[in-house]
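Trainee: Could you have a look at this structure, given as structure tokens, before my questions?
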């Protein structure tokens, strides 16, 4: 259900990702075509290069995975006439694909699950609000039972009373929000109305892990902290080969 609700958003994200990938590939071929054969390189063309469109797309795909993506960047910076353009090109592509697109995809999935849970709770509450009172239900059940048993004079009165009590008990369980959610989720009714308290205790809305996570993620400085960590991680990964060489 969550995947179906987020299909349009996911397809839009995939289209945006494909468009950006094609644009960066064309720009890479334009900037770095035949540029990776410079200096004292005696082993021919390296494995990752931008001489043609297919290899350029494969190079960008490997960079997108984060597998030693700084090596092509430093090679392009040393071979290209302007190393600044090469650095900006690789940094923009890696930040866009590795952080923005991935985080947006995860946000879409999480938002779909949150919408499902919220819809489930609202539906259960709506069913509870629309439910009739026990007295009205008892009167309704009595009328329905009398209509069903018209002409059946051999039925025992105790059995009829037990059926009415069972109907009242089922109604009392249905008015419980947790039992209603269990019924909506089509779970095993024999598991009891406390199933999610026992098995998913840490995911309850009132549990301290959930409340702490919501407090941290909804803080006004949380987005700035995430942006700072992304920038810091990118800078460290760019400087790692130079620090390793020293």
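Every residue gets a Cβ built from N, Cα and C, even glycine.
Keep in mind that what you see is a predicted model, and the values were worked out from it rather than measured.
For 7-118, the entry in TrEMBL reads domain 'Ion transport'. Look at TrEMBL and you will find 12-33, 53-71, 83-110, 221-243 tagged as transmembrane segment.
For the listed features, I'd like the structural context: burial, neighbours, distances.
Mentor: As a whole-number mean, the pLDDT of the domain 'Ion transport' (7-118) in this prediction is 75.
Among residues of the same chain six or more beyond the transmembrane segment (12-33), those with a C-beta under 8 A of the stretch's C-beta atoms are 49-53, 56-57, 59-60, 76, 79-80, 85-86, 89, 92-93, 96-97, 101, 104-105, 108.
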Trainee: With DSSP, how much of the domain 'Ion transport' (7-118) is helix, how much strand and how much coil, in residues?
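Mentor: Taking each residue of the domain 'Ion transport' (7-118) in turn, the totals are 84 helix, 0 strand, 28 coil.
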